[in-house]
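Feature list (source: Swiss-Prot):
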BINDING   LEU132, GLY136, HIS137, LEU138  (6S)-5,6,7,8-tetrahydrofolate binding site
MOD_RES   LYS241  N6-(pyridoxal phosphate)lysine
SITE      HIS240  site 'Plays an important role in substrate specificity'
Amino acid sequence: MNSSAKTASAPDSFFTATLAEADPEIAAAIKGELGRQRHEIELIASENIVSRAVLEAQGSVMTNKYAEGYPGARYYGGCEWVDVAETLAIERAKKLFGAQFANVQPNSGSQMNQAVFLALLQPGDTFMGLDLAAGGHLTHGAPVNMSGKWFKAAHYTVRRDDHLIDMDEVARRAEEVKPKLIIAGGSAYSRPWDFKRFREIADSVGAYLMVDMAHFAGLVAGGVHASPVPHAHVTTTTTHKSLRGPRGGLILCNDEALAKKFNSAIFPGLQGGPLMHVIAAKAVAFGEALRPDFKIYAKNVVENAKALAESLRGNGFDIISGGTDNHLMLVDLRPKGLRGNVSEKALVRAAITCNKNGIPFDPEKPFVTSGLRLGTPAATTRGFGVAEFKQVGGLIAEVLNAIAQADDGKAPLVEAAVKEKVKALTNRFPIYQD
């Protein structure tokens, strides 16, 4: 076959070859990950399982299109259909959260928060956020993060006795440091946020209030968690986690002048062409969250979290703050003489996926930790209810009690037995069936 014939036939393969045919190594990795998700209990609080419709949108031809700018004002031609997708995403997000303005272009939670900083702060300005060690987030001023390197972060924390945020202390701290921005929200705080009081404190010192609801946005959308949107100058959230969409970010506000600042901060400030396939998938997820059954889902997420926390407490584990009012909890492992890193690995061997996590005033290093963070969104999506989460609490206790006994011969047997129980449980609630 001559070279011209080879060139002519290449497009046939390019447009028709399956992934398994074109790249068997990646296909094998994806198949392996599908198997892992099917047969493990996912308890990482920041993870969820998206619908087949979201997967289809994210894997669509929208990935081919460059669309710098915003609907109706692009720097490229041929944007009529991606404009439809982005406009649907914007309008659905506004309706879902009761906001007047929405930017659906942030590629991630970190970038959405960076956009707020870019729009509202100058390098060196002071802002306040919950300390990472108390349940905050890297982008809320951790020293290793851009937010902590470029700006002056003054953190508030939780009380030692009950691990709750002391709003009087937040007010005192704000009066002391006079921040330009105050952030409410975090990645490992299991109790309600007093958004009204946060806004009052922000107003008292002339600060903007930003609420990062990345973790509990799905609960807000489902009506089982108070909404920060009426109180905050700006609300940010990821679109995955409890919202059950593709990985990405979202910025909401009710002020047109601020909305223009945030739009400019995203493009051209931080990003170029938006990921239109992801934005299409966001639109699908927002549409799903607007349906009545999503309210049932959100209610179940919280009920399941409470059931899991109570099951663990009944098995002798301490839960930070005594329980949970949202989708997650922190387990204090110190009464069992365990550390987070060892416990995480043992549970993974038993097909229960979670993450080690620092607890407030943790004496251990971040890669060791004294705690585990557990969440219920993913397993709730696949159909687990209160009964199943009570069972999961017992399975976790079996694994951790075995390693706490320091019997090297017993622990592997327990982990293997629990793994079989997990397999039986997950088989009752299958995902992505062929």
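FYI, residue positions are counted from 1 along the chain as it appears here.
Cβ coordinates come from backbone N, Cα and C, glycine included.
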Report the same-chain neighbours of HIS137 ((6S)-5,6,7,8-tetrahydrofolate binding site): residues 6+ apart in sequence with Cβ closer than 8 Å to its Cβ, ordered by sequence.
GLY129, LEU130, GLY185, GLY186, SER187, ASP212, ALA214
Other residues near the (6S)-5,6,7,8-tetrahydrofolate site, CB within 8 A of the CB centroid of LEU132, GLY136, HIS137, LEU138?
GLY129, LEU130, ASP131, THR139, HIS140, GLY141, ALA142, ASN145, GLY186, SER187
Out of HIS240, LYS241, which of the recorded positions is least crowded by other Cβ atoms within 10 Å?
HIS240
How would DSSP class HIS240 (site 'Plays an important role in substrate specificity') in three states?
coil
Which one, from the binding-site residues LEU132, LEU138, has the smallest tally of other C-beta atoms lying within 10 Å of its C-beta?
LEU138
Rounded Cα separation (Å) that holds between HIS240 (site 'Plays an important role in substrate specificity') and GLY136 ((6S)-5,6,7,8-tetrahydrofolate binding site):
18
